[in-house]
Amino acid sequence: MALHLGIFLIWAGAFVFLQLDHVDGGLSTWQALGDDELTMSLIFADNQCVFPFDYSGKRYFDCTKDGSLYSWCSLTTSYSGRWRYCTDTDFAKCVFPFIYNGQKFYKCTTAGSLLWNYWCSVTADYDRDGAWRYC
């Protein structure tokens, strides 16, 4: 049983590591950093997510799992290989007031929701950007 668990953990670790390749541009990015630089960048990860950011021809207004198992964000407005995993505080916040169908909303709304779930825009103009989240 322990042998099977050990093999599974090695497999799972390799699988997660391989997920990073698409997002961070491959190992060359990590190889370019010295041990001290890599350690410092992990300890002082004060770089903030930048929204919106463009990645692979698409604009993102929130953290994404595109190309990864975990949510991540770009540290630049146009993705250039600088990124980090998102924390609970990084995800998009509601913006009030916001415009939806030409009308201003000052709180979460169920307007346009098929299941009557409350939602909000994460930009000032939903009509223009189409970016939203549940409240």
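Along the chain as shown, the residues are counted starting at 1.
The backbone N, Cα and C atoms fix where each Cβ goes, and this holds for glycine too.
Note: TrEMBL annotation is automatic and uncurated.
What TrEMBL lists as signal peptide is 1-25.
Taken together, the residues in the domain 'Fibronectin type-II' (44-88) have a mean pLDDT of 91 on the 0 to 100 scale. Residues or ranges marked as domain 'Fibronectin type-II' by TrEMBL: 44-88 (among others).
Taken from TrEMBL, the feature domain 'Fibronectin type-II' covers 89-135 (among others).
The disulfide bond feature in TrEMBL is assigned to Cys94-Cys120 (among others). Annotation note: Cys94 (disulfide bond) sits in a coil segment as assigned by DSSP. Annotation for Cys94 (disulfide bond): spatial neighbours Cys108, Cys120, Ser121, Val122, Arg133, Cys135, criterion Cβ-Cβ under 8 Å with sequence separation of six or more.
Take the CB of Cys135 (disulfide bond) and look out to 10 A: across all protein chains shown you find 12 other CB atoms. The disulfide bond annotation in TrEMBL covers Cys108-Cys135 (among others).
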**OP:** If we count other C-beta atoms within 10 Å, could you say which of the disulfide-bonded residues Cys108, Cys120 has the fewest?
**Re:** Cys108
Original post:
Which state, by DSSP, holds Cys135 (disulfide bond): helix, strand or coil?
Top reply: coil
